[in-house]
Amino acid sequence: MRPLAIASAVLSFAATALCVEQGNLTKPLTSRVILPSTFKPPQNFKNANLVHIVSLEKSHPKESINVVIENIATTPQDEYFIPFTARQMETIGGLEVKDRKDPEAGLFEVEAVDFDIESDTQFYRVRLPKPLAPKAQQTLGISYSYLSALHPLPATIAQQDKQYLVYTFSAYAPSAYVTSKQKTEVKFPSTVVPEYTIIPGAKGELESPQKQGSKFTYGSFGEVPAGAVEPVKVRYEFTKPLIHVSRLERDIEVSHWGGNVAFEDRYTMTNRAANLSKQFSRVEFASQQYYNPPSTAVKELKFPLKVGSLDPYFTDVIGNVSTSRFRSNKREANLEIKPRYPVFGGWNYPFRVGYSADLKKYLRKLSSGTGYVLNVPFLEGPKQPEGIEYEFIELRVILPEGAENVKYSTNVPLVTAGISLHQTFMDTQGRTTLTLTAINIVDEYRDRELIVTYDYPFFAILRKPLVIFVTFLGLFAAAWGIGSLDVSIRGKRS
Amino acid sequence: MSDTIVEPFLKGSTGRNTRGILRLSILVLIAAAAIASRLFSVIRFESIIHEFDPWFNFRATKYLVQNGFYDFWDWFDDRTWHPLGRVTGGTLYPGLMVTSGIIYHALRALTIPVDIRNICVLLAPGFSGLTAYATYLFTNEMSTSPSAGLLAAAFMGIAPGYISRSVAGSYDNEAIAIFLLVFTFFLWIKALKVGSVMWGALCALFYGYMVSAWGGYVFITNLIPLHVFVLVCMGRFSPRLYVSYCTWYALGTLASMQIPFVGFLPIRSSEHMSALGVFGLLQLVGFVEFVRSGVPSKQFATLLRGFVLAVFAIAFGGLVLLTVSGVIAPWTGRFYSLWDTGYAKIHIPIIASVSEHQPTAWPAFFFDLNLLIWLFPAGVYLCFLKLADEQVFVVVYAILASYFSGVMVRLMLTLTPIVCVAAALVLSHLLDTYLSIKSPSAPTDADIDAASNAAPAPSKKAAKQDGLRAMREPLVGIYTTFSKTSVVSALTAYLLIFVLHCTWVTSNAYSSPSVVLASRMPDGSQHIIDDYREAYQWLRQNTKEDAKIMSWWDYGYQIGGMADRPTLVDNNTWNNTHIATVGKAMSSSEEVSYPIMRQHEVDYVLVVFGGLLGYSGDDINKFLWMVRIAEGIWPDEVKERDFFTERGEYRVDEGATETMKKSLMYKMSYYNYNALFPPGQCQDRVRGVKMPDQGPVLNTVEEAFTSENWIIRIYKVKDLDNVGRDHAAAASFERGNKKKKTTKRRGPKVLRVE
């Protein structure tokens, strides 16, 4: 056991080192709480009742834990810890905690705890908005997803074969506290689940899982100590692509002069589905086209854009891709794109999609002063039934030249944020650019908003016309000056 | 009323300014029209690089922009001509790439975020505007009529002969070279007229630029000396001629030698000898003129005769000696094919296989030049009427370019400028004559008095006019409004038809990117067939970074540019043997080609197949060229005759020859094709034949990707068999066939002699 732990620790360390080298942050770095390396979460809570739901309906597993927590300490407590393994910490995305009884209250503050980089158990710390009084109970709704956690087995299949995925998880929900009672529900996309772990029932209880259509239930289990793990492996049919975007660069460019906001998304997309066991056969593909059977190939991506989006384009590195359609009317603006070729498992297809829209729909001027509020979607990726995962997102909001006092707010978990200058289109000073990065985002975050406020003084609006005017004046003056010089070597003629 | 308003603007110095502004705005409009008419392809398709060679230029430009000038200069490209590589920096004309690189960096300095692709796409239209201006300047040197230049500029702007090589996206050397050609000629004429070192040096500068941009600079290198030679023969030697030519030659040759690809050619190759010879001749003539001024004429004649004979003997002997000893390079094949159109077909199939090296068909002249071609002789005739030095140039240029354009389709491009100039001379002459000629008014006394200042002997003339009856009625013939309007309106109609024709030709013949094909959907909307890019993108994304692609050389540049993968051969056909190797691999049976592909580390083979769509530019139609080129190197192994049936037909269906059916190209083209059709209905839509039900069997390569409309098919070359069987045996085992007993394959009994 020990060498394994060391090996995994070394591996995770190497992975971190690699990530640092690439400059690609796969670990959440912001708002880390640094604690001594001997840290153990204080046993202040008890999980009175817990329901763990593993949803495998999409191409990334989504887990949610509904738990009733009880303060068993003598003083009011507001720090609740959730443990994950180091591997899970790297791929976990979108951890959100809210009060199940009061979902309107908003999300709780969640932070990764940094105490010992070599430990295999890492923690997220949830800060309850109000400290929980002793003996009091609260119902938490914790949800998160793992990226790149599903693996096809067999890893290579024929072009029309069905794909099966394997997912390993624990039947006991991850917890740093004693859990009195819990069960785990697994939701599959279909009823075809050829292989799964069977947990024999203890003391006359039924053996797990109990099947109910496409839903499997493990448990319920009795009291389980903190950090207990009961590995469960399932293998189920999922003949859909596993769309993985390893990098998404999104630019949002605001132009006050043009009254326009331009979006451009650059995707580095891979299909993580089972690779083809033989080479691609066009005959087979073409003959199946009419029946349109489920396939692991990405044939089409659909972008429901905001109503009023204009002039969309879909290009890749060698130019325009003509196989796209844009339906736009008063109710919808759907962009449907087809990659140049069907993207089978293991194939890549990087592309870019862009469109613009009337600025009025996104920008409002504050009634007082020179302030503006911009409200744009953080992510407007394709909306696929099987879902999409984004490993790394870099969002740039390019504000007009001279914008200042930039503030932003979003409920997407961010990694870094920074403000820089971006020079384009004859800028003298450069445009104020807000750069936000996020990692491990799944497409549930699709419609999250990003709100940016900034000041745009009147002089900054007139800056560019003035600069161009002065430049041309200078050019004419210089031309006149040079033209009136006498450079002939003939000497003055009388 | 309007006359009175306009009148003050047309008089005096205001008039000059008004005309200047008018001329400027007309020129700007012409340039705008020239650019606009070249944008069909961008509007219909997209901003994309066209065809084949432009893809290399584009790739080279990207390399220049990314790595800087010095890296570009020293560029050794190991991703083409695998495994040989290509010294790209030393074997290209860098002018085009450097021009776009400079524009790119200038725009970037102004922080205009322009993509290098868009600069490359729009470079040719942009320069066509400049060409129109250069033509204006050039024509103005030829004629005193102010309209000739404008007409020539307009013709140059829209003549299809030039548009064919300069539509948006046609990012080839000719894009800037034609501008440089015309502008160099303008500077030459200017230098010759003024006899100034400055204009000569400018001419040399632009000549150097031209050399850096296009191999067609040889045309200038020969035309200017020829012009000078003709002038000298006409006895028009003058210090102006001497100064301008010597300046141009000395500086221009130095400038041209700075290009690595040209190097020492200007003093070694035969194509450049005329320039050197004329340079020498001018020195001699200059010397003779000098002597003549100091020696009495009788002795001079004797001296001259002896001198001429001696010089001729020495020069000719020297030339022969140098050519024989190999100091001067012998004439290249491409040059021979300029004189003998059949030469290439017999000796160098690789040159003959390029469509733009074919002799021009007669309709092409009318197609590319329309009314200009019948105005052209008249323009040359007008030049004879007023045969100054510059008119001689037009005549010489016209004769030379007419000949060459008849030999090679591509050289139509060099003919176009002079045709535009000549036609503009004629038209302006006609229009000037018919638009502004004033009817001579009745010769009253007052008129005679008024005219007395201008005419030296008015009274005599008047008396004469009075004497002739015909002259008493001056309002007949060309002076009538009828004759004026009819001629002018006829000419206007011709010009309008010319514009229509140019637009039609540009839009229909010259604006297809050929990377993208267009077709119509049943509802009339445009459907784009994008198989090339589909396959190239697949290669780019889903194969190893250094996977070697074998294809016929036509697609080499595109694979390099779009798929970014190393290729064996490409459109820079510098190594005939290597191309023949690929030709051999394609035209031989699998057993022969597999070792060739292994030796060249080929990972994928790409073929173009148009059978499904009816796309006629596919590899089966080009196949005979592959065979011919391979046969040129391996006459014993590849024979063109074997690909024709007994009756001499080139067939791909049931009746194809055994060699044809066994060739790798045939197999790769038709592999699995019959699976697409119900039994007995397999059809090749290009060649319009029914294919056999049993498709070919492939053992050594496997189908890796086929594009949507089957235009591009990519095959992966199989690795060696794991258990050491040959591929045929392994594939047969896979299909579940029984292993053939070896005893059956014994063959005829042979007497063993040992």
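Going from the start of the chain as shown, residues are counted 1 onward.
Glycine is treated like the rest: Cβ placed from N, Cα and C.
TrEMBL lists transmembrane segment at one of the ranges B:246-267, B:488-509, namely B:246-267. Sequence-distant contacts of the transmembrane segment (B:21-43) (same chain, at least 6 residues past either end, Cβ-Cβ under 8 Å): 50, 121, 124-126, 128-133, 136, 146, 150, 153-154, 156-158, 163, 166-169, 502-503, 506-507, 511-513. If you look at the transmembrane segment (B:175-208), the same-chain residues 6 or more away from its ends with a CB under 8 A from one of its CBs are 95-96, 99, 123-124, 127-128, 130-131, 134-135, 137-138, 141-142, 156, 162, 165-166, 214, 216-217, 219-220, 223-224, 227, 238-241, 243-252, 255-256, 258, 389-390, 393, 397, 413-414, 416-417. With pairs at least 6 apart in sequence, the transmembrane segment (B:119-138) and the transmembrane segment (B:392-409) have fewer than 3 Cβ pairs within the 8 Å limit; the two do not touch.
Contact between the transmembrane segment (B:273-291) and the transmembrane segment (B:214-234) is supported by 3 or more Cβ pairs under 8 Å, counting only residues 6 or more apart in sequence. According to DSSP, the domain 'STT3/PglB/AglB core' (B:548-598) comprises 32 helix, 5 strand, 14 coil.
Just going by CB pairs under 8 A, the stretch in B:144-163, B:214-234, B:364-385 that sits most against the transmembrane segment (B:91-107) is B:214-234. Just going by CB pairs under 8 A, the stretch in B:214-234, B:246-267, B:364-385 that sits most against the transmembrane segment (B:144-163) is B:364-385. For the domain 'STT3/PglB/AglB core' (B:548-598), the model's pLDDT averages out at 91.
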